[in-house]
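Reading through the structure tokens given below for one structure.
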Amino acid sequence: MHDTSSEGAPSQAGTGTTVMTDRTVDGRGTVVLLRVVAVLALLQTLVQGLLAGMLLNGDLDSIDPHGHNAYAFEFLVFLQVVAAVLLWRRNRWLTWPLKATIGILAATFAQTGLGLNSALAAHVTLGVALCAMETALVLRAFTLRVAAPARS
């Protein structure tokens, strides 16, 4: 069955929707840096979830590792912003990595504040959201196509 309009013509439902461009970016090293740091930060969110689960199950000894891991995660998120800035400097039209990483950094600072103030419901919810944001960043970072190096 085909999706058709009332006149029997194909539907224009997809018309006007945003399509990702296939422009290539300069800077293989900065793309690799962004990908590596984003994957490491994503792994940190998974470790944080594990430590949080242990804590919620009553393992009070996991509170210190959870706190230390949070600061390691913040550092990785800061490095993501640095990688995004470096990528943006070579590709001024490419703004989504910078916007995404700054948003994640802001959410990370909010997450730390919620945790330090023992706002458990909001802290856990934002932690899950941060894991989703990092996943989206990693997936999107791996869609970047790097321009072939110029040959002499």
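Note that Cβ sites are derived from N, Cα and C of the backbone, with glycine treated the same way.
Here the structure is a predicted model, which means the values were calculated and not measured.
Copied over from TrEMBL:
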REGION    1-20  region 'Disordered'
TRANSMEM  32-51  transmembrane segment
TRANSMEM  71-89  transmembrane segment
TRANSMEM  96-114  transmembrane segment
TRANSMEM  120-142  transmembrane segment
Distant-in-sequence neighbours of the transmembrane segment (120-142), which means Cβ under 8 A and at least six residues beyond its ends:
31, 34-35, 38-39, 41-42, 45-46, 48-49, 52, 80, 96-97, 100-101, 103-104, 107-108, 110-111, 114
Please give the sequence-distant neighbours of the transmembrane segment (96-114): residues at least 6 beyond its ends with Cβ less than 8 Å from one of its Cβ atoms.
34, 70, 73-74, 77-78, 80-81, 83-85, 87-88, 122-123, 126-127, 129-130, 133-134, 136-137, 140-141
